[in-house]
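Asks: There's a structure below that I have some questions on.
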Amino acid sequence: MTIVKTSNLGFPRIGLNREWKKALESYWKGQTDRETLLSTLDEQFLTAIKTQIDQQIDVVPSGDFTFYDHVLDTAVMFNWIPERFRSLKDPLDTYFAIARGTKDAVSSEMTKWFNTNYHYIVPEYEKSTEFKLTHNKPLEAYEKVKKAFGVETKPVVLGLYTFVSLSKGYEPNEVKEIQQRLIPLYTQLLKELEEAGVKWVQIDEPALVTASYEDVKAVKEIYQTITEAVPALNILLQTYFDSVDAYEELVTYPVEAIGLDFVHDQGRNLDQVKKHGFPKDKILAAGVIDGRNIWRSDLGERLTFVSEVIAGAQPKEVWLQPSSSLLHVPVAKHPSEQLEEKLLNGLSYATEKLAELTTLKEGLTKGAAAIEAAINEAEQALLTLKEFAKGTNADFTAERNNLSSKDFKRPVAFEERLRIQNESLELPLLPTTTIGSFPQSAEVRSARQKWRKNEWTNAEYDEFIKKETKRWIDIQEEIGLDVLVHGEFERTDMVEYFGEKLAGFAFTKFAWVQSYGSRCVKPPIIYGDVEFTAPMTVKETVYAQSLTEKKVKGMLTGPVTILNWSFPRTDISRKDIAFQIAFALRKEVEALEEAGIQVIQVDEPALREGLPLKESDWADYLNWAAESFRLSTSSVQNETQIHTHMCYSNFEDIVDTIEDLDADVITIEHSRSHGGFLDYLEKHPYLKGLGLGVYDIHSPRVPSVEEMSQIIDDALNVCPTDRFWVNPDCGLKTRQEPETIAALKNMVTAAEVARKKLAQHA
């Protein structure tokens, strides 16, 4: 009979009340000392461990906790310190500097962790890097837990293949050499764990799900070398986020357990297990509870499914796990949460998901009858949720059925629109603008809190927003920007704001998840049909436009980003959800245009992150993603200029889709890519309006005019000057006012310098 245990891959770091975030930001602002920071973070780490112990998880991970990012942890641990930071002597200062930058050094690039909403710091390989193990972070975490609770844990290590795959700075022909140089470091790290008495270590290799058969075979040789050095150490080789194509090769790796995702694999991992079997000498770590969404599990269905997995694999032992780290969901249901009970009962966060695993284990070991009450409770909660979410959305159904190609297409082609818009908008060469949001000061946040607590009336709050909007319109005019924004002071989050005004969304007060560093977000919950109910942005945008002769952009979040940054329902397709959102936004775009707004930005920063991991699955997603954007924007007049914005992406993969959006102008985060996208544009010109971010908004440093001028000059070598825009990387909500104004002044000056150069060479 198969032995059944429960295991976890990782737990949220931020704490139930975001204690982790608050400790970091307080330290960065100089409000607390290092001792307080370290003490608070230790407390959060141990609290997370205790939660997992309390939920009766048999194999608890340690080492997944971080002060900023687990990929950065790995880079620093192996001494991958970019040269521009090596003059810093203090390890903690260096660590934070790589992530956040300093006044003299640009931070390392940040990008999406596979196809999730989490961002990691991209490790930088440099030929001058001295490869060495500077400290053993997984061992430190293991010993800390053992001292505090006296329990064995499973240290988590980012795998060698994935670490190199996520890094930058090397040529393809250097990969093997870098891997070989890292093998002794990984061996040393694991040897120290073995010598400390560690029984199990989890090595995360999610990059194997997209690896070729040849790569999977080559990586096997790496693990043969490493594991031979640590014969007493049991290794779980963990994959997640999709299926493994080279399954037959993977299961021959010289490790004691293989971790597979049976939730986000489109059924392919189970098919492989049934077709090829599973090694009798290995443990199957089966990801059977969704680690990335927040819906309660149908325990009866899951019990049947797990039984099917076990029957197909017939392993000696199975570990029931989430499909991935629980980093991507909130910590637990907060006691002060104010959701409708019918909805709340249908949700499951990290802590509740662990309880589901424990219940499934009981059902497998004692029989379904032993958990009948839990199965019935879950079934009833999901039925109640379905009834709560019920709605026909007749308007959407009728519109959806009547769609034709003209609903996805602007009246005329881009070149003709460009001519019309140039005459209508009368903008200078290299127009300057921002991406949308301005700093939300303590005063802004305080005003919002007073309003939400009913300490302020709607009229009082509206008056405050108007005052702040006018102040920033004046600031923008003084700076000399060409196309202005209203600043988004009424918005907490670019998705939450729209979801609160659309039918079919629910919002929490405490369900925070980590986005990057200390940045946390509360993703909306799409539980029902999405519908437009009333104009959402017209009032604020029209007011801002009334204050200036310059054009003010309407600012909307696009349908794919709203979908990808939400916890979506799972009873209809993602395409159908995106189209529902697109119909709602289409009405908002039309309302803005009707109100006299000539420039409308529909942001799609999350378009690329929704890509399936396997390239063979891309075409369908990219097709409906572009369709949903065009459905949102194609009903406007030729004089109306449609902008979009994207960030944190490897755009080379989706340039055809960017073209397919048919936006008049796209602004792109660029400054942290260190010129990589320009190399691509040199070979593959983009001929519509384009703004490449000229400075990094994730860092408090103010870039010089010369620095931004260089980026503009480099861009103009490959971009048409008559359709190039100058802008920051992203919105400025999280920055402080003085640095924002200083940076924008330098940006406008850099644009003016570039215009003069162009005039001299005309």
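Cβ atoms here come from the backbone N, Cα and C positions, even for glycine.
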Asks: Can you pick which of GLU627, GLU669, GLU707, GLU752 Swiss-Prot lists for the same Zn(2+) site as HIS645, CYS647, CYS730?
Replies: GLU669
Asks: Going by DSSP, is TRP20 (5-methyltetrahydropteroyltri-L-glutamate binding site) sitting in a helix, a strand, or coil?
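Replies: TRP20 (5-methyltetrahydropteroyltri-L-glutamate binding site) sits in a helix per DSSP.
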Asks: When you average the Cβ positions of ILE435, GLY436, SER437, GLU488, ASP603 for the L-methionine site, which other residues in that chain have a Cβ within 8 Å of that mean position?
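Replies: Along the chain, the qualifying residues are THR434, VAL485, MET494, MET555, GLN601, HIS645, CYS730, GLY731, LYS733.
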Asks: ASP603 (L-methionine binding site): which of the recorded positions GLU609, HIS645, HIS698 is the nearest Cα neighbour?
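Replies: Its closest listed neighbour, by Cα, is HIS645.
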Asks: For each of ARG18, LYS112, HIS645, HIS698, count the other CB atoms within 10 A of its CB; which of these recorded positions has the top count?
Replies: HIS645
Asks: Between ILE435 (L-methionine binding site) and LYS112 (5-methyltetrahydropteroyltri-L-glutamate binding site), how far is it from one CA atom to the other, in Å?
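Replies: ILE435 (L-methionine binding site) to LYS112 (5-methyltetrahydropteroyltri-L-glutamate binding site), Cα-Cα distance: 20 Å.
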Asks: So, in DSSP terms, is GLU609 (5-methyltetrahydropteroyltri-L-glutamate binding site) helix, strand, or coil?
Replies: helix
Asks: By the DSSP assignment reduced to helix, strand and coil, which category contains GLU488 (L-methionine binding site)?
Replies: coil
Asks: What is the number of other Cβ atoms found within 10 Å of the Cβ of GLU669 (Zn(2+) binding site)?
Replies: 27
Asks: Is it possible to get the count of other C-beta atoms within 10 angstroms of the C-beta of SER437 (L-methionine binding site)?
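Replies: Taking every protein chain into account, the count is 21.
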